[in-house]
């Protein structure tokens, strides 16, 4: 189980950035794939080539017949599946941890876009590996394989070890893959809806901020115009007062001169 600890820690850290559907997928990955492969499947497929036997002693016949029966070992196929799915999650986690202290709206939308790409890649990988498993292995591990490839001298019969147990595990892993693919599709739809909703909200927020800014500018302009009008009115009133007082003084002086003459 030591070789799986890195992926386990990775998926544990990924939970904080995942939705409920994403956490359900992580549960399937950690428990029903990594844990099962690390405990049960490693012992089940450890000796599959050694226990693969053919009813001939011709050198090289057993090896070519095993290659025909299992082009890729089921255990290695599933390990490659997990590593391929974990790769984009690792890229997303590195980006999210790098920008964890930055909570700007643009970076938040960028993080959601990257997570959506991660879910899309996971969904395509799940469906692709399901089809590949069905095409290469089907739903049953045959107990007997007839083989006539060179250098076998004739059509020989080869036998696999524990075919019933491997068949059960094959069907179990295929079922887990179907559930994981369905959850990935549902999460992709949910994340897409959430992303487009966030983008529309951001656009509305920008528009409202622009409207508020224009309103503030208009109010400031109106306040400035009112202040100018008040200042002009004050200056005109003071000028009129000065003129009236001067006129009164002049008229008073004229009357007094006439009185003196009389």
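Just so it is clear, glycine is given a Cβ too, placed from its N, Cα and C backbone atoms.
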Feature region 'Disordered' in TrEMBL, mapped to one of the ranges 178-214, 215-251:
215-251
Suppose you had to name the range TrEMBL annotates as transmembrane segment; which of 77-95, 96-114 would you pick?
77-95
Can you check how the pLDDT averages out over the domain 'Connexin N-terminal' (43-76)?
86
I'd like the per-state residue tally for the domain 'Connexin cysteine-rich' (125-191) from DSSP, helix first, then strand, then coil.
41 helix, 8 strand, 18 coil
